[in-house]
Amino acid sequence: MSAEGEGEGVSGGGEGEGEEVSGGERDFGTGERPGSSALRGAGRVPRERPEWAAGVRPGHRPLLPVVTADAVAREESARTAERLAARSRERPGDQWPEHVRALRERAAHIRRETLDDLESHLGALTARVTEHGGTVHRAATAADATAVVRRIAAEHGARLVVKSKSMVAEEIGLNPALEADGIEVVETDLGEYIVQLGDERPAHIIAPAAHLSRADVARRFDALAGAEQAQRPRDHSASALAGFARARLRADFRRADMGVTGVNFAVAETGTLALVTNEGNADMVTSQPRVHVAVMTPEKVVPRLADLGVLLPLLSHAGAGQRATVYQTLLNGPRRDGEADGPDALHLVIVDNGRHRILGTKYEDVLACIRCGACQTACPVFRTLGGGHAYGSVYGGPVGAVLAPLLDEHPGDAELPYLSSLCGACADVCPVRIPLPDMLVDLRADHAASRRGPAAAAWHAWSVLWSSRAGYLASLAGTAVAARALPRRALAALPAARRWARGRTLPDLRAAGRLRRAVRRTAGRGSRAARHRDLP
Amino acid sequence: MALFTSCAADLVAPGPALAAARVLAATGAEVTVPRAQTCCGQVALNSGHPAPATRLMRHWVATFEGYDAVVAVSGSCAATVHHRFPRLLTGRWRPRAADVVERTWEFTQYLAQYGGGLDLALTGDVTWHDACHMLRSLGERAAPREVLGRVRGLRLHEAADREVCCGFGGTFALTYPEVSCAMADRKLADGAATGATHVVSSDATCLLHLAGRAERRAVRLRTLHVAELLAAALPDGPGSLAEVAAA
């Protein structure tokens, strides 16, 4: 899905052919092989994002609570929260329109049916794609996958690569890997392009620049154009900004040696690769360059072509509130004899990168995810963090908080399941019914179990104390005594109280046990009756 | 009927439980507060400690299974009983839990069903905060509105983001205090924008968080548990929210 949500309604696409291509192209008429037109001047774009949001994940990552505290404090965060909240209000929680509700149930079933027999669907997909003249590669790890793509690029002498949105490419670090070989990679999804210019990671699965306002985008584009006034966006309206990006990108589409895309769904029955965008950039990336490399994870496979009739409209609805995206691209192999466009070669790279470890576990359902980003938009925690770089993982928001620890790429990701108030909004909006809050709770349990220590022992002792009436009442009495004996300042120095008091006044713990005394006074008969039913 | 008061009531918030007992008694129910009750285990479970949580769940089942009805003063605890108990309890505890879970109600759910005879009046302007577990685990958004709708003189102002989390989230409030407080700020601003004087909800813990934040930020929106509101609306109550606030 495309950059449906960058800032205040900047949206690409949809213009007629034949628009004057400004700037870029005339510089590259003859002679020296040109570089990217879209990225020319990118060095002038200021790096406004914090270090933890950088395009290449920094080697050192501060503790998550430190990162989130910084993220909340950023000026942009409140504005982003408001934008995403407004989007959520348009598509409230569990209020699924009747026709979409039926799709949702069907899709949830299709996704699980697929996961039950993933390898056989992948086998069928591989056979069909090969029959069509494509080449299928299986990669176990991120390094394997990038090695495959680098080899393909080298074989075809690729110097300029245009890319359509792909989260798995982010996951495996494809851009830096290609750039290390001296290849220029240009993001052609408008939101991805905007974040690429600022050397940032995408902030949201389908709205990579959701954390930026129109003014932020204008600032980046102005810096990109630099002193060349004629190239600057004519004004800072959404359409002018989109037009500027379009003109910049168009030259690259024409000149690129290789196109890289993700895959929204891959049909086992027919070998069809399905891509959806609102900007048409996937059509350009897959039709103009000589080589098309599509990167997907195994679970993107669907059994039948007819399943697209369920999944594509559902994806559009859940992701962007659309009945259908503007473009739906269905590819069946490279260009055949007599066809007008399309690549000479098509490579499909299926990257596992840890998914096989999730299959067959209680977390298998997370692989049903269709990357609509609805859980991110709905999540008040994600919103509060100003659009989500603060998760530190490639996939932010609730699905990222589940997936990242399972992929086990960074030890810090184990903290992500705690970065949720367990409000459940993500489960309400999930189009394929993934029980994300339950998974977050289970992941917390796994995390706690992996580090048996004083905390686990304390919880154990506490539960023993609190599963007896005497122990419980004693702890209430003790709390009240401590609350009365200690000055408030001393109480506020205790770890939990200190964290609470960071932004809130402390509740009065002297109230501990007051309820019991009041009940004894007012409901003596009732509580005597109850005593007979107490535990032996 | 047994009143399930929650450990929050025992530790810091006795008001809602006492108020709930008065309101339920006014319906003619014989209300008992079982002395053996402690905690439903939610905090331990959500913190990643299912075994200690399960121990408390078993204790909860043993404490409450002898009653015809169990009414919870917390939507979140009621949701834990309904949603978590059947998933965590095994063996002989599973059918025992299923049996009592069926008879466990959140306070406003019970009143929506059996509280029709109450004479309720209280003038004032309130907004309702849909506490997450009540709303999504328990799937209940209608009952509190129906019950508040029976209070003569009360004006309910729906906030735009009434269904958005207030940022409490149990230990989340301690693990990520800055995020938690920022969420409370939005909730408070959203509630205050309705013109209400009070934000009312089903969970004392959400309200403690919101009240603590409101006090720190000097926001003029007060908090009130729905049980306290309804107790104040009983015939011998103060008559107006302004008097409740002054008390």
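Cβ atoms are placed via backbone N, Cα and C, with glycine included.
The shown structure was predicted, so the numbers you read here are calculated from the model rather than taken from an experiment.
For the domain '4Fe-4S ferredoxin-type' (A:360-390), the DSSP-based tally of helix, strand and coil residues reads 17 helix, 0 strand, 14 coil. The feature domain '4Fe-4S ferredoxin-type' is assigned by TrEMBL to A:360-390.
What TrEMBL lists as region 'Disordered' is A:1-61 (among others).
For the region 'Disordered' (A:74-95), same-chain residues at least 6 beyond its ends with a Cβ under 8 Å from one of its own Cβ atoms are 5, 7-8, 50, 210-213, 216, 321, 374, 377-378, 380, 382-387, 425, 428-429. Taken from TrEMBL, the feature region 'Disordered' applies to A:74-95 (among others).
Here the region 'Disordered' (A:74-95) is broken down by DSSP into helix, strand and coil counts: 16 helix, 0 strand, 6 coil.
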